[in-house]
Amino acid sequence: SLFELGKMILQETGKNPAKSYGAYGCNCGVLGRGKPKDATDRCCYVHKCCYKKLTGCNPKKDRYSYSWKDKTIVCGENNPCLKELCECDKAVAICLRENLGTYNKLYRYHLKPFCKKADDC
């Protein structure tokens with residue numbers, strides 16, 4: 001769910017997920033769509049593609065369990081869809097951390113109508 005995703009992003013990046021990524025670039029946030037503006041935005045694009053591959057669960061609402069061991073996210077679900085959902089969220093959180101160096105505050109509240117059409121996943 002969005003709750004676990006936000007928690008993972010906070011743990012991995014130390015940033016407030018809603019403030020820092022809720023409307024970042026063309027792909028971060030609920031209304032995200034379009035050609036990525038930078039590496040951080042590309043993380044969100046790949047995350048949306050990961051969600052599109054899921055069947056049998058609702059990425060925004062369904063809760064799953066994970067643990068934070070030695071600064072590492074460990075997904076712990078028996079349900080295959082929820083496990084994949086957790087892995088999608090884990091991947092974007094790690095990607096956002098790995099790209100903190102190129103985070104651009106100018107893209108924090110980027111206007112989505114100015115985004116160019118992106119390739120399909």
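The backbone N, Cα and C atoms fix where each Cβ goes, glycine too.
Values in this document were obtained by computation on a predicted structure and should not be read as measured data.
Per Swiss-Prot, Cys57 makes its disulfide bond with Cys81 among Cys28, Cys81, Cys86, Cys88. In Swiss-Prot, the region 'Important for membrane-damaging activities in eukaryotes and bacteria' annotation falls on 105-117 of the listed ranges 40-52, 92-104, 105-117.
The disulfide entry in Swiss-Prot for Cys75 points, among Cys86, Cys88, to Cys86. According to DSSP, Cys43 (disulfide bond) is assigned to a helical segment.
In the structure as shown, the Cβ atom of Cys57 (disulfide bond) sits within 10 Å of 17 other Cβ atoms.
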